[in-house]
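Scroll down for the structure; my scribbles are underneath it.
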Amino acid sequence: MINIKSLFVGSASVSLIVAGNVALANEFQGPVRIVVPFAPGGTSDILARYIAPELSEAIGQPVIVENKAGAGGNIGADYVAKANPNGHTLLLSDLTALLAAPSVLDNVAYDIESDLSPVTMVSYSPYVLGMSQQHNFESFDDLVEYSRNNPGDIAVATSGVGANNHITTERLIQDLGLDWTVIAYRGGSDATRAVVSGESDMLLNGTTASLPFVLNDQMNALAVTGEERLEELPDTPTFRELGLPGELDGTYQGILVTAGSPPEVVERLQKELADILATEDLQAKIAQQGGQARPSETSAQLQEWMTEQMAELTEFIAGSDIKQ
Amino acid sequence: MEIINNLALGISVAFTLENLMYCALGVTIGMFIGVIPGVGHLAAISMLLPLTYYVPATTALVMLAGIYYGAQYGGSTAAILLNLPGTPSSSVICLDGYPMSKNGRAGVALFMTTIASFVGSFITVIVLAAFAPPLANFAVAFNSADYFAMMLLGLVAAAILVQGSPAKGLAAVVFGLMLGMVGTDVSTGIQRYTFGLTFLYDGINIVAIAMGIFGVTEVIANVGKVAQIKNDQKITFRSLLPTKRDVKDSVFPILRGTGIGTGIGILPGTGTSIGSFIAYALEKRISKDPSKFGKGAIEGITAPESANNAAAQSAFIPTLTLGIPGDAVMALMLGALLIHGITPGPNVISDNPDLFWGLVVSFLIGNLLLLILNIPMVGLWVRLLKIPYPILYPAIILFIVIGVYSINYANMDIMLVAMFGVIGCVLLILGFEPAPLLLGYILGPMMEENFRRAMLISRGDLMVFLERPVSATFFALIALFLCWSIYSAIKQRRSPVEGEL
Amino acid sequence: MGPGYLPRVLGYFLGALGVLIIAFSAKTATDFPKINVRALVCITAGIVVFAFLMNPAGLFISTITLVFLCGLSEKKFKPVRLALLSLALCLMSYLIFILGLNMPIRLFPWSF
């Protein structure tokens, strides 16, 4: 005969175990949203759409991608900063744009340090320095020499005042003491059009955007940022090889979450995302965009990186001509 | 010959069952989306983008493109029937389309716009097939100075649009220009008129303005009035057909409109609205009887409609051949390509000829489908007018509001619609026209940006506008227009006409 | 020519035009056109309320509120007709925007 007491204890413990598992699996109570603070079709948007289905499978909840473009990414960031801190609203964005915002814009509605918490970095994409066909420079040194002999003659296109490539251009100007005329355009495509048509002479832009033009002889690549030469451009040196300081970086995409979210949720997210970004499939997709997948090992790692970057950016921008 | 080969390739690609189906789907969705005021093709395309991940790249583009130009067409339908632009670029069609509708000629208007779209598309496809690479190079050769000159020409067109008092029309344009200043100044990054509000950082959303001034104002003006269209007439198929006169009058406007639309559409960054405004202005300027514009002139709808369509299709040229998207919609298309592993850029045509030519031929198929779909539906659309207004207008307001919301999911955009509804009413009572205002709003920021940039590059040398061949041509055209206008104004003065300043 | 240059110039120009229009309007003075104030207020209020309700309360409630507020602009308030219309519109918007276009809009206050 079955001992009723043991049956009772048995079922109690079984239900406790089941309840425990259910509680563990239910870190996520409902759909998760990845907010992309840029228009659909951009780098962040594409990354989000690659990641969303994988994440959805991993956590067992629907993952929706929402676009909230505007103000250089700050509208979407503001939205996530003010969202419910249950860890279900994520932000996938170009990190430098957000970190530079307080120094470049007059009023940013949220505070990136206290309102948003890092989860993981996603990818890194180096910059290519492209020259228009108007000048026939063979190397970066030629460009520098020409610039010193003809101050103000070289026109550099940027994606906008305070944009990432504007900051990088200013770094070059300061490091080398050159006199370039910086002209702001409406975004990367507009700037590319200007250089291809010869209206402006030079553009620093991500590999995805610039590579096709370089390979088609509509732009000359004189240098790339980052640690290694690009596979597609084996003859183009890196800035480091040319002896320039290493902060000449590219674009970093990362995922942030509303500050104050439960730590278990954030940790789970970071772990799942790191796994997704380590798969061959996603690495290949990101490489096709011209970037490299760079998952963070811990959220704290991203936090450290962001704090460092922010301090450096704030200092640099304050000492430069960027903000008028 | 090159063209024949390319077109043959395109036909073989476009006529597969899958592509045909998706083309039909895209065009139908686009048309209905276009009719709903407020919801634009941008929203539809971005919503349906994920659907395209699971189909081949060509099919994806065929469908998205179908939505794009289908929406242009649908927007005209709403403009004609309800005086509401379904898309901002259809605003100019309200000017003559709605009066035609009030005269009982709604069916004719719809019919002719369908034909205009189709013919415009046909011509554009031939042009694209024959001249795609040179056109692309032409597009890229445009400099800031050239853009400025072209925008200035557009501004002159705005002056021609004005139907009533010239001073008030001019004031409307200037007010539109000022509204365009709201936002971040591109050249310096400084914010203007944003009052510290982040959502104004990128300026006032054009859909919010267009819907508020045209749509909401229109509704407020019409609420409570007795049914405006006499519903006694039976709507026969005969009554929907245009007269010989209509067709004859439309031939050249369609040709001119297509030319303007193609020319402007291939330039990155111009959008489809400018083309339709300029086409309208041109027709009014060269017409033997300009006073019939604004009262239901058939040229006033066929020219802008073909310009719209041509611009929408030509916009694909710089996007695909150069990898330079002209505006947000094109950027979406590029994004769709990226997801399919096709890197947009100068090599797209040579690496993926079936994609490009299949797409180009699908434009033709799509427009044919629109023609086939809409001719029978014209009767249906006209019957829409019979819905009692008290039932119709809450629906209109609802769709406007949801449509605007769907762009950025921002509540503030809806508030802007309310605000511009009020402003629109004020303008209406005081006798200011909304169309010149909208054109000023579209042109203003681009003009200023390009002028300052041209100055920056030329180091302050004003002669750059006359030195570059393209911009010199535009300035010559502007001078021509101005002289013509002054001449006809003097002629009119000779035979005194009752008028107000 | 800084960022403030053109706005200022345009402002002066607009002001000058305004003066011109006032000066010449004495000649052609007509009656002040009538505007349906009730419609203006109700419809504007409807839109504004929708803007506030949309996020917290969801699409259905906002739609119903909008339709009723707009309906107030007519002389004869017909609640039954408005109720039917709002239900029909809720259904239509659901079909078009949520099913058809996949928009991430919440329907009810308790949806995601």
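Just so it is clear, glycine is given a Cβ too, placed from its N, Cα and C backbone atoms.
Per TrEMBL, the feature domain 'DUF112' maps to B:20-439. Among the features that TrEMBL reports, transmembrane segment is placed at B:19-39, B:51-71, B:107-132, B:138-162, B:169-191, B:203-224, B:322-343, B:355-375, B:387-408, B:414-444, B:465-487.
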Annotated stretches the transmembrane segment (B:138-162) and the transmembrane segment (B:107-132) touching (3 or more Cβ pairs under 8 Å): no
Contact between the transmembrane segment (B:414-444) and the transmembrane segment (B:51-71) (at least 3 Cβ pairs under 8 Å, separation 6+): no
For the transmembrane segment (B:322-343), sequence-distant contacts whose Cβ falls under 8 Å of one of its Cβ atoms, 6 or more beyond its ends: 41-42, 45-46, 49, 52-53, 56-57, 60-61, 64-65, 68, 136, 139-140, 265, 267-271, 315-316, 351-352, 355
Contact call for the transmembrane segment (B:51-71) and the transmembrane segment (B:355-375): at least 3 Cβ pairs under 8 Å, seq gap 6+: yes
Paired segments the transmembrane segment (B:203-224) and the transmembrane segment (B:107-132) in contact, 3+ CB pairs under 8 A: no
Reported mean pLDDT - the domain 'DUF112' (B:20-439): 83
Region pair the transmembrane segment (B:19-39) / the transmembrane segment (B:465-487), three or more CB pairs under 8 Å: no
